Amino acid sequence: MHLCHAITNISHRNSDWSREVQASLYSLMSLIILATLVGNLIVIISISHFKQLHTPTNWLLHSMAIVDFLLGCLIMPCSMVRTVERCWYFGEILCKVHTSTDIMLSSASIFHLAFISIDRYCAVCDPLRYKAKINISTILVMILVSWSLPAVYAFGMIFLELNLKGVEELYRSQVSDLGGCSPFFSKVSGVLAFMTSFYIPGSVMLFVYYRIYFIAKGQARSINRTNVQVGLEGKSQAPQSKETKAAKTLGIMVGVFLVCWCPFFLCTVLDPFLGYVIPPSLNDALYWFGYLNSALNPMVYAFFYPWFRRALKMVLLGKIFQKDSSRSKLFL
């Protein structure tokens, strides 16, 4: 790998954008990074601190927040410099570490969403056996799979250069020799990345929420019909409405994920078959649109979960440092 800032004949790469545009991009990306760090840190602190939130499902949310926080802490700052400066300043080894960690954390976040959808499916569709099925051991297995599989896949592919099989020269001429550092895929590895990190988990999410929607809708009609018959309208609906609301909330999270990541993964799988015609700047922009997903998840919690808003207030006011604050009631 050559250092782009040291190669005089391609130094124009760094001046394609004016200082005003670069400053605007730095400001926008810094806001995304800040929102990702602050939002997910509050989720981590809240679930760790408040005993009422120590449920199997919330530990899955906790693990996903850690993934998104690490993405904002370890990956986004270097990606910001690479995107704005159109140059990788940190060397070839760190390029591989950055790329593999980026793919690992992005995929891990997606895996967590898939498992969260399965958890909600069990809660809504089989509530009587939910606690027996989804216990802490089950959640730990989900968390382990969500971290380990993306790690093996990402680091194995990048450090063994399996993603470059058959396109090594093209990668050198278009990326490496220009001092760049961005994910680059052959036709085979592009399809594999699309299937592993997007299509399979995304299909699981869509199928599960399709099932949840119709089953929850049917259960709600059945409960309302029963209550009308016995004259108990408005009663005995709280447990079901609580689970249905949780399912809708996580369904919105899945929708946000699909909107954020779908453009990037479509480009990833199509670009090798189109002869690598997608400009690096567009590819970078789509990657940042995917990063935005990690900043939006805590905002979904804040909008839909009253417990998160109460926890947020206590964290910001410093009330978590008071005695017995961990036993505070967040569910009214």
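The first residue you see is number 1, and the count goes up from there.
Yeah, the Cβs are placed from backbone N, Cα and C, and that goes for glycine too.
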Membrane-side pairing of Thr57 with Tyr305, Swiss-Prot annotation: yes
Taking Cys95 as one end of a disulfide recorded in Swiss-Prot, give the other end from among Cys73, Cys122, Cys125, Cys181. Cys181
Of 54-65, 162-173, 174-185, which range does Swiss-Prot call region 'Extracellular Loop 2 (ECL2)'? 174-185
If Swiss-Prot marks one of Asn9, Asn135 as N-linked glycosylation site, which residue does it mark? Asn9
Cα-Cα separation of Cys95 (disulfide bond) and Asp102 (2-phenylethylamine binding site), in Å? 10
Over the topological domain 'Cytoplasmic' (119-138), what does the predicted model average in pLDDT? 88
Cα distance (Å, whole number) from Cys181 (disulfide bond) to Asp102 (2-phenylethylamine binding site): 12
